[in-house]
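Written below as structure tokens is the structure these notes are about.
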Amino acid sequence: MGYLKNRNFLSLMDFTPQDINYMLDLAKKLKEDKRNGLEEQYLKKKNIALIFEKDSTRTRCSFEVAAHDQGAHAVYIGSTGSQISKKESIKDTARVLGRMFDAIEYRGYGQEVVEILAEHSNVPVWNGLTDEEHPTQVIANFMTLKEKFNKPLNEIKFVYCGDARNNVSNALMIGAAKMGMDFRIAAPKSLFPSSELVKKCMDIAELTGGKITLSDEVDEAVFGADVLYTDVWVSMGEDREVWKERLKMLKPYQINMEMISKTKNPNVKFMHCLPAFHDFSTDAAKEIYDEFNEIPFEVTDEVFESDYSLAFDEAENRLHSIKAIMVATLGDI
């Protein structure tokens, strides 16, 4: 039986550094095997439910391609394609799907939803994103770091810039604490993560040799950084009345060439989970600018399109890292 067989993947809080390294090593192997035409199928005849209450490009494609590569059959259940939370409770949905499928992926709203699915389905459940966490993204991020940096994760100085209350920032902080990293947040104080989560991560970091630092001073936070990471400043499902104030508040935290230079590290890298606002080629960016007369770019196009950027390496690794999570928890390996 596999090392993590039948485990849920809900939060990196549930895993040890050894568990995370196992998934990262497996992701590397699966990527190499696919490229060399040597990939073995560990998920043959498995049926997988993909519940998407929130739309996605990278997460959906990664799960579907990974399932196909591994010989599994994936069924996509979109926000209009089920009775979840409308005519049927999460608990009842879990009990139904658990009798039809070998595993369930959920991308949607509250963390409690994915926890209820895990409790009542009796099959492995994978968190594709909730409002609170995005753990599959972090495995892809760490996989990319291991590929691109000639040093272990616990020697990497990683800075998250911008709105640090979101699911990506939360999951990164948890993952960094687990792996003993120097993790810093550069954000307005009003956009720091919850004090409860920060305390938990600091306690973990104390045991792993890591360090968690929060600062509203950009120069202080980014000095010596190996990685500058950001995410969008506004989300399309939010109350638009808060956008104008937030866009103004986050201007000093935009990743641009000036911030790159402030790191004093010529080998610094930029990362982003995507999608990104870096130019006016999307309707959403134009709409925000037209309505608020504020540029919504969390990163400049100059940085995004530069050699500093690892955004698309990171995006590619969503596939291989998600495949590793699936194989580790469900596969006959």
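Cβ atoms are placed via backbone N, Cα and C, with glycine included.
Because the structure is a prediction, the values reported are computed rather than measured.
As written in Swiss-Prot, here are the features:
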BINDING   Ser56, Thr57, Arg58, Thr59, Gln83, Arg107, His134, Pro135, Thr136, Gln137, Cys273, Leu274, Arg318  carbamoyl phosphate binding site
BINDING   Asn167, Asp231, Ser235, Met236  L-ornithine binding site
Practice prompt. Calculate the distance in Å between the alpha carbons (Cα) of His134 (carbamoyl phosphate binding site) and Ser235 (L-ornithine binding site), and round it to a whole number.
Written response: 15
Worksheet, complete the sentence: Whole-number Å distance separating the Cα atoms of Gln83 (carbamoyl phosphate binding site) and Ser235 (L-ornithine binding site) is 25
Practice prompt. Between the Cα atoms of Thr136 (carbamoyl phosphate binding site) and Asn167 (L-ornithine binding site), find the distance and write it as a whole number of Å.
Written response: 11
Discussion item. Taking 10 A as the limit, how many CB atoms besides its own sit near the CB of Ser235 (L-ornithine binding site)?
Written reply: 12
Worksheet item: Helix, strand or coil at Thr136 (carbamoyl phosphate binding site), per DSSP?
Response: helix
Item to complete: Please name which of the binding-site residues listed here, Ser56, Arg58, Cys273, is nearest in space to Asp231 (L-ornithine binding site), Cα against Cα.
Response: Cys273
Worksheet item: Expressed to the nearest Å, what is the distance separating Arg318 (carbamoyl phosphate binding site) and Asn167 (L-ornithine binding site) at their Cα atoms?
Response: 16
Worksheet entry | Candidate with sparsest Cβ neighbourhood (10 Å radius) among Arg58, His134, Arg318, the listed binding-site residues | Arg58
Discussion item. Around the C-beta of Cys273 (carbamoyl phosphate binding site), how many further C-beta atoms are within 10 angstroms, looking at every protein chain?
Written reply: 25
Practice prompt. Would you pick out, from the binding-site residues Ser56, Gln83, Thr136, Asn167, the residue whose Cβ has the largest number of other Cβ atoms within 10 Å?
Written response: Thr136
Worksheet item: How many Å lie between the Cα of Ser235 (L-ornithine binding site) and the Cα of Arg58 (carbamoyl phosphate binding site)?
Response: 17
